[in-house]
Structure formats: structure tokens, C-alpha cells
């Protein structure tokens, strides 16, 4: 039957990508339908019970700055919070949280059920409705046809998923859930380029059978307890719990080696490529044969369960081998396994067949987000989901897509890497992937993106008001520190010595003092008995106050580096966003090698910047391409055709 209501946007899948996509398009005013095979699993953490980490935490902060749900849900569900790399520079500091699975899922579902313009429906999707080169809806397992002008597909590991435990395997999207076999077959009919990838998960352990007296305790940060959302408060966190650490040993490694003849990875049963940066335990033992031990983190799954997640022993070995290797580790000698570990193979589609908006090049109105694009991780999925939801909403509103740049957001780095370079293995985010990471810090994600989010319709009044207060306070306080001066006469020598190691010998601004190594904001403001501090409190709220002080201190201390990076960005921007015509035939570009013209015709980059990052496309080739465009007057700056109503102060960067 044809469902009587027509929607603007349909989102297929209720994982981390799907939920953010549905919430984003609905916040923008698009009439949105979220189709999921099971409403009870919306927002489910299918693998590890944690959010964030190096690079990943940056993505979560960006999703939050754009009004997304992941950070806020983590603040409500997080049972341990830590700042990683806290002793290093601000560019690589990252927030990570252990989350209670049940509380997290409940927090996400509550937001979905209370979001205006969003409807939920429980049915697996078997088919897409395509007319010509446009998607027009989706068909469910029982034949219900839903019409919409845009569809966002976030199928996770469900597309033709196959689960492996030893040499036994069966179809499934994850343990306990069916695979999307029909939908996968339909996508293959559409001639979209695809491949197979693999990921895995460890056996889960009953905490009542763990001997914690033999383990090393790993508490979270308690003074202060971090928060994830820019609007988060530590008071939102539930009870905090420690993690625990054990190690593999030589006996563990011998057990694993002895089971490799029954490993689906090492017997050729699994064809998909696994994640390099989250390898299975058998892969670790094989690749790092000289290493005598590997650290294993025992992470609590929640406050109302005894289940523990042993982070570091993802495996698809037979269950008898899993049992033996778990029992070989200190503290786990009597451990009871609640669920076996397994590997899952699934279809993904080459992201080079996508535009930077995450819309497919072949089918108008069809967007992909999450693991279907070859990524791994909740955070990467959520970020893509939000972007796909935004651009699906703008597509039906007949507005240009929003495509964040590499110098603007980790989300821009993520998508640009995917659509220009593709993936040979599951892609995960690291700070090292961002060439402008000093400007793309966790602490300034809101400064970079919240104004854009407001313009897009993603940011509500509460977030906007908090952001404006923070932005204005940072600006005022930075200016005050730059224009407040102390001299050898006005600054007592003993105070200068206590803070700086010696008295000052000439006039300094407070900002100049703050730039010195080992000097912090509070130290500078405490000079002259506190007279060097602001006349009025920067904020009444302690969390907001801490954010303001952090922004001011980083902005002043790293001003020179940040300005140099801004100059580099401006220099590179000259050609980065020059658009390439849709119908250009690169064989006609004089001087291009056959290999380069073939690659450009195959991958169809949208901008000069994207073309320059395709493997094998040299700087010389880019120069030839620029000459070709100038001769024919074909190139135009990104966003040049944006409607006049969308230009001006705070205008959203656009891309067709």
C-alpha cells in the first residue's frame, strides 16, 4: 500500500548516523520519517560502551555545536569521563566517556520522540523507490510504500551482513538482529560501486566472576569531572564508576596462535578488510609477534548490569578458544562469558561516488551516512548523519548544500577524505588527519560552527543564547587583557617573581604575561591582589566561566601559531573552492597524462581542492587544470551562485 502521508525526508536506520540525520532534518523544518527495523534499538551502542577519544571527541563536540544529540545524551548516560592528552597541547586534548548503554539509548529515544516534525515507524526497508535518476521513497518489508523527496540511508553493518564465530557463520546485521539482504541487493542493482568490510566485537564478561583484587583500577577525572556538551553540567552525570586493566600474556598468545587454523580471518572465510586501528586480538598477536603483552581495559556496561566489555580482545575465534584465552588473563581465571565475540562482514559503498554533501552522484536526493560509506565508529557515523540530514533538508528546500571545509571542522576533513580518497579499510578519525588541527580544537567547536548551525536552522534559542554570552565574554576579556598594562612600579617585585620567576623590567600587557610558559589565566588575574582580574564576573555559571577562561587563555597563548595557520589557510583557499564544471571531459585538458585524466573522469571531483587530493593527481596537473578553466572561463568560486538572500553576515558557506 501507499502510505497516505508524503514526507520531505525519509531516514532509513536508527543507529548513531540515522538518529542524528533524522533530528537534524526535523530541526530544519523538514517533515521527516525515521524507519527502523526495531524502535527498541534506536541509538543502540552495538560495540563498545564509550563515546569520544582522540579525533572522535572532536567530532562529538562539533555535532553538539550544531545542535546534535550525541554529546548531551552522553552527559546524561556517562558513568566515567576523562580528558585524554591532558598534559599535551590543546589541539590534541580529547574527551572520552564510558556510557551506560541503557541510559544512552533512553536519552536518544526521548529526543527522537519529542522532536517536532519527526515521525517514527518500525519496519525494515527492503527497497528504494526510484524514478528516473531521482529517489522518491522507500518500501518496507511488508510492502508499505512511503514517498519522500529525499532519502538518507544509514544501514550500518546490516547490508548483507554475515556474522562469524570460528568457522560457523550466519546472516545478521549484528547479534540478535536480521541483515538487510533485500536492500543490499537493490542497491547493487543501482550500479553503485561497492565492496566488503569487516568489524568485530569481544566476548562480554559477567562482572561477578571477575577478581578485581588482581586488577589495576582506572578511575575517571574527578576534579573537575568533564562534560561533553557545551550546555552540559556534571550534575547531569549518573554515578561514576572505574574501569579496570588487565593484560594478555605469553600463554594467551599461545592459545590464540593455536586457534588460528579455525579463525575465519586466517582461513580465508572472511573476505572483508578489518579496521587497522581497532584490530582483533588474533590480528594483534600476528602483526606484533614480538610484543609480550597487550593491555586490556575492562569497561562497565552500565549501572544496572554486571556486564563488562573487555576492550582489546575483539575476536572471531571459535568460542572454546575465546573461553580459554579469557581465562588465561589475570583476574579473569574464573570469568563467565555472557556473550561470545564475533566478527561481522557487511557491504559498503565507495564514498567517492558521493558529493561532498553526502548525496550520491548517480541518484538525486539519495544520501548515505555512516558505515555504509566505509567508516567505523559511533562518532564518525553521528557526524556524517548530521551532515546528511542537513543536506537532505536543504535539498527538499531547494537550497544549496552545506559542505564544511577542511579548515573549518573535523567533519569537513572526514567527508573530504572519504569523497576524494575513498577507503581501503574502515576509516576512523584521528587528529593527525587534520592539517589545521590547531584551529580545530574541541574547546572552540562552538566558536567555529554554532553560528553556521543557527543559520541552517539547527540551533535552538537556549543554545544560541549561551553561545552568544560565551562568545561576547571571550571577546571582551581578550581585549581587556591586551589593553591592561603593568609596569615595574605598579607590579610588586615579589608578585612578579612568584608568577614569572623574576621581577619585570619594563611595561607589559597582561596578555604578554599570559603568553609566558607556565603562566595561566588565574595567575595573571590574581596579580596586585586581584586587581588585574575583570571588574565584573565573566559568567555566573561555573561551567560557562571555565569555558570562557579556557578560550581566552588558548587564544592568547597560541595567537601567533593560530595567525600563521590562518594565513596558510587563506593562501591555500585561493584555489581550494574553485568549482569544476559538472560536464567537463578531462581528456580535453591539454597536457594531462592519460592516468590523471582517467582518474578525474572516474571520480568527478567537485572542486580543485578535491581534485588535488586524489591519489596520482600532481600539482603540475592541477596547474594545467587551472589554465584550462581560465582559458574557457569555466571555474567559479564555491558559493558564487548562492541566492542573495543567503549572503551577508553569518551567511552559510554553500556548495551545489
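Cβ from N, Cα, C; glycine included.
Taken verbatim from Swiss-Prot:
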type	residues	note
BINDING	13, 14, 15, 16, 17, 18	FAD binding site
BINDING	274-288	NAD(+) binding site
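Positions of the features from Swiss-Prot, shown on the structure.
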residue : record              : DSSP class
13      : FAD binding site    : coil
274     : NAD(+) binding site : coil
282     : NAD(+) binding site : helix
288     : NAD(+) binding site : coil
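For residue 18 (FAD binding site), the count of additional Cβ atoms within 10 Å of its Cβ stands at 30 [all protein chains shown]. Sequence-distant neighbours of residue 16 (FAD binding site): residues of the same chain at least 6 apart with a C-beta under 8 Å from its C-beta are 43, 70, 370, 378, 379, 381, 382, 385.
When the binding-site residues 14, 15, 18 are ranked by how far their Cα is from the Cα of residue 278 (NAD(+) binding site), 15 comes first. Per Cα geometry, 15 is the residue among the binding-site residues 13, 14, 15, 18 nearest to residue 284 (NAD(+) binding site).
Apart from 13, 14, 15, 16, 17, 18, the residues listed for FAD, the same chain places the Cβ atoms of 11, 19, 20, 21, 36, 43, 154, 156, 370, 381, 385 within 8 Å of the centroid of those Cβ atoms. For residue 284 (NAD(+) binding site), the number of other Cβ atoms no farther than 10 Å from its own Cβ, over all displayed protein chains, is 19. Annotation for residue 13 (FAD binding site): spatial neighbours 35, 36, 153, 154, 155, 156, 158, 370, criterion Cβ-Cβ under 8 Å with sequence separation of six or more. The binding-site residues shown are 274, 280, 282, 288; of these, the one with its CA atom nearest the CA of residue 15 (FAD binding site) is 274. Cα distances from residue 18 (FAD binding site) to the binding-site residues 274, 280, 282, 288 are smallest for 274. A distance of 20 Å separates the Cα atom of residue 17 (FAD binding site) from that of residue 274 (NAD(+) binding site).
Of the recorded residues, residue 282 (NAD(+) binding site) and residue 14 (FAD binding site) place their C-alpha atoms 31 Å from one another. In this structure the alpha carbons, written CA, of residue 286 (NAD(+) binding site) and residue 14 (FAD binding site) are 36 Å apart. A C-beta separation below 8 Å, combined with a sequence spacing of at least six in one chain, links residue 288 (NAD(+) binding site) to 294. In this structure, 278 is the one among the binding-site residues 17, 278 with the smallest number of other Cβ atoms inside 10 Å of its Cβ. Between the alpha carbons (Cα) of residue 14 (FAD binding site) and residue 274 (NAD(+) binding site) lies a span of roughly 23 Å. Counting only same-chain residues six or more apart in sequence, the Cβ atoms lying under 8 angstroms from the Cβ of residue 276 (NAD(+) binding site) belong to 425, 426.
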